[in-house]
């Protein structure tokens, strides 16, 4: 495959560019009989869309989704579900010098070298706007998993730049523009962002995404392990530079006697593993941490070159997210949902029986 | 695919169990005309094999590889290359109670739930022994990449437990049993391991793997990005819990003005990106960091259950690596080679022209 | 994959239903730099669309295609090309009793059993209308192959029911509504069809599709042989029940001394092989014959059952093609183009060099 | 994939050359818990192996298979099953001039052009010997399908050259060296073959393969239709030039009122469809017809060229099948089994429930 299809059995083929006529996706392999309408997809898109606070890009997109196929009388038919989102607010004039210059840290340079041609408007295909169709597809997967197994998928920001965001409650996440699971830290985050915008700079972020009530047995060793596919999904999201399962890099300094989650008949007593053992889900909550780099479109001038190999100083104006991590939570949730969905179908193919096992931790204690 | 094939166009299908008759793989898609013999594969296997120092498992395996197909008169023919390694030192009697008990932190539990049956001897399919065929396949990829583009792939351990191993020189790596790029720290590592073995415990490790002279343009967005496929490959290696590209989790606290690697016409001036921009190789060295968890087969007794759901105290005797990270360097190198190889072929399919671009950093300064 | 994607490297993901809002496809893997516009796709769609003569369905669809992505400033960018066709003339009221009855010979019964739900309007997903996006995608492949290698892809009807259509000239094909390469037989075909419509019955057809200037070396044994993939492509077209390469079923009675095409240095002297030897293109014209069954939507009453398992007599009214073979020529051409395109990219991945070899027959003598 | 893997979820990766050290395959995705031993695979290999009558090649191969992995205590574990067959009777000296000359009708020419190098000994990778591992893999699929659904897969020769073999009884098939379902015609076939060998020529054949008790609902439109995948599987077998489902090319002259199989509640009343409607199995027997071309390795001299482009007269001595169709029955059965197996798993992934429907014809009347 040429790279625009995600998933083997619940597969999502993504298309579109930031400033082209439309973006969208085709979901192939959705089980028949799921009740589905736009009303169940749109809210997830609304969580991700731009222009909702002063801390994100001011581009105005309603991201209104249309279902073109695969749903009949309110239910999925097992045939491809095509989802279409028209682009609306393309101010291509903003991107004048990006056409001929390479932003340091941006895909400008590599797209140019790979294809010999690129749609530079708004980053074209490399724009984070391409995640919108994945959020829409993820909404379908989330719904199916929730109805079938009670699976819950949640995410939050755990650090913005060098400001840590200690976990307080999942309830807080929807109450602030940062997807912070801690309302108390919000004023500090707002001040941080206001300073950053004033400087014309950008910053990274750290996010967590987790799932509970995950069926035991998901994952297809040797290579399509659940954690391998999660790492693939997460690292493939724009700007992600690091992925951890469970304790992640902390395992380096851990002893085996500490790391291995004790599992008496009453259930797992900890979750250092992050829900995956040997590449297969254990029934513990699946816990993933992700590092997101600072946006490369900033006002601060930087040394670079143009498409003719000549020296250039790049300053990027126009509308950009100073921290792409802020809108990334719904994206990571969607990607985790898509991986889990695909693995349920894969597991069902070979093993027929899929179930949620009893000895699982509850989410808040287990994460 | 059911999960035992790695790669799309240079694809490696892996088979075998730790204590079965043999392990091996089939490489499909190798370009014709590469000169190849056992002598070019065996040295990589020897770097990985057990029993070479007191710090690794004492299982004796020569890991002698046989080429069954795909090579004619010393050259690859473009047809599948099957590689076979017979298992020799199977002491299955060592594994008595593993048959009915689940080791905390081990794949015992999840394999049992996934398949309803498992070859428990030596961990069966979940054993790190399954990486040997990948090292063999990686040797083929390494050779082709080196001959075609001058690509060099190197790895080293950067931390053992809480002992950091500061990078000194790639030359040191082959001179100590830890793949440490710093001979001075070796006595400390040996003492650390001796203590650990005495305690019957295990520990994690941190490794780096890197490639220079990587052609620019590798990676297939939106999903088969080079870094996404690297994350998939690395997280799929036994015991890996975290993967970073370039600066990895450090990007969280970085500003965009710092993170974006300046790229005047003379070449990249830093490598925070780790060689990948927008999911496509930039020509900078590809740099990956990996966290490896402590082995779950330890003598320290732990609380667990058996296959009947009854409480059990697990103590694992027999031959095990107290730090699987020690032998992981050649494995990570092989996986990186396989990803790069696959992406060269993918890129060549769509874009025909593949080349190493001029403005690249040298390895020692760039990493 | 769940079945709606065709091709590995030049892959086309199809979506839509006969009476849904829209049909279309996403082409992933198109090489960058191909000049492309709607004007180059629409003519192929016009050759296939309904309502163009009294011998085909009278459904009125302009099949106007919109390019949603993947083309920038008139050239392909290497990113997915999404093509959209809105449905216009859905008279769903025509299909009342099809909702609950199974037409003998139709997919009604199997879709119902496979999915437990089906969009019965106009055959839903099983409608031949789903071939329109393939014709559009095929136009892109045709153009690239023509520009790159001078490859020509042509098809014609060779029998309508029991009326044979002797090959006279490719020029005739566009001059009659049957895609007959023989204008002289057209009056007989028209009379045949008029009788058939009067009887409310349908009939089968035989078609040929061929390609010249096919690069030598296409095909990926052991399984993705060029002829195997052609057979897959053709048998997958609605109503196809037989596929032949070259002499096809005539080879049963042939001797080896006759069948093997002599190949002195001046070139192949015959083409019994149909352009493929050992699953790999030889440079001879690729020649394929296809059998298409009679439409199952006919007015003649037949014995069947309904979705409740009760006996039913089925008579189908509404708008239907009495011979789906009449509009099938552009579809088969498109499918052949897609297979060839995919195999050029596959071959290029492994072998880098692709060329049209000199000793090839010209089309008219070789077929 | 590079072409040596067959199947998506029950996937078989084939390796080896006619005169290399070994041939074999890796089956990935076999459900766990199937009881399996060499004794259940070997009999199928024995049906196909050479040297069993004077009418086939006299090469002596016992084709003894070894199971290298995936089976533990007599049961499949869900992990890859590697099967190994050592080559024994390689008389490479027989093949002297094949090294530099191209046999008309043979893969010599195309392999040379595709890869620029080829193992010419015994046809190398293009040899029909490569079907042996598929027969072994097919034995596993056959067993699983039989145990799960009572599926029976049978094949027979229906014409040898211009001698038709009218179907009499499945019982006859194992009683003569031609896999003829009619013992009475055997003397005529023997005389025909004796003449053919005397002439140093070869001839084609026609075969039928069928399956009963096929679950309803198998097939994944739009492209991975059951009949499309069967056509792919069959056309990919060495020397096959035509594939028909059910009535095949006879449908061209059929009327819809005749072709559509009436389906009152008591069951299908005919089987013109060959068991597939709309690309999905209907529960009718699946019936496939195949045309096999005459072998290209014959003693009759023919005009050709050598690898330097010089004129050459080719006469092939050594051991060859004068009619490869004679040994093809077990191969076609295996390929049909593999397709059905793969589609059961695919269907189970999306639809969970798989069953054999009641209204099916019995085999002898239905074919």
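Numbering starts at 1 and runs along the chain as displayed.
Quick reminder: no glycine exception, Cβ is built from N, Cα and C everywhere.
Long-range neighbours of residue D:54 (NADP(+) binding site) (same chain, six or more residues apart, CB within less than 8 Å of its CB): none. The NADP(+) binding site annotation in TrEMBL covers D:48, D:54.
Long-range C-beta contacts of residue D:127 (FMN binding site), restricted to its own chain and to partners at least six residues apart, with a cutoff below 8 Å, comprise D:17, D:18, D:238. The FMN binding site feature in TrEMBL is assigned to D:125, D:126, D:127, D:238, D:239, D:278, D:293, D:294, D:295, D:296, D:297, D:319.
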Near chain B - the binding-site residues D:54, D:239, D:293, D:297, filtered by Cβ distance under 8 Å: none
Subset of D:48, D:54, D:127 (binding-site residues) with C-beta under 8 Å from chain C: none
Candidate with sparsest Cβ neighbourhood (10 Å radius) among D:48, D:125, D:293, the listed binding-site residues: D:48
Distance, residue D:48 (NADP(+) binding site) to residue D:295 (FMN binding site) (CA atoms, angstrom): 17
Assigned element (helix, strand, coil) containing residue D:239 (FMN binding site), judged by DSSP: coil
Residue with minimal Cβ packing [other Cβ atoms within 10 Å] among the binding-site residues D:239, D:295, D:297: D:239
Largest CA-to-CA spread of FMN binders D:125, D:126, D:127, D:238, D:239, D:278, D:293, D:294, D:295, D:296, D:297, D:319, angstrom: 44
Alpha-carbon distance [residue D:48 (NADP(+) binding site); residue D:297 (FMN binding site)] in Å: 19
Residue D:239 (FMN binding site) to residue D:48 (NADP(+) binding site) - Cα separation in whole Å: 16
Integer Å distance between the CA atoms belonging to residue D:48 (NADP(+) binding site) and residue D:293 (FMN binding site): 18
Cα-to-Cα gap, residue D:48 (NADP(+) binding site) vs residue D:125 (FMN binding site), nearest whole Å: 18
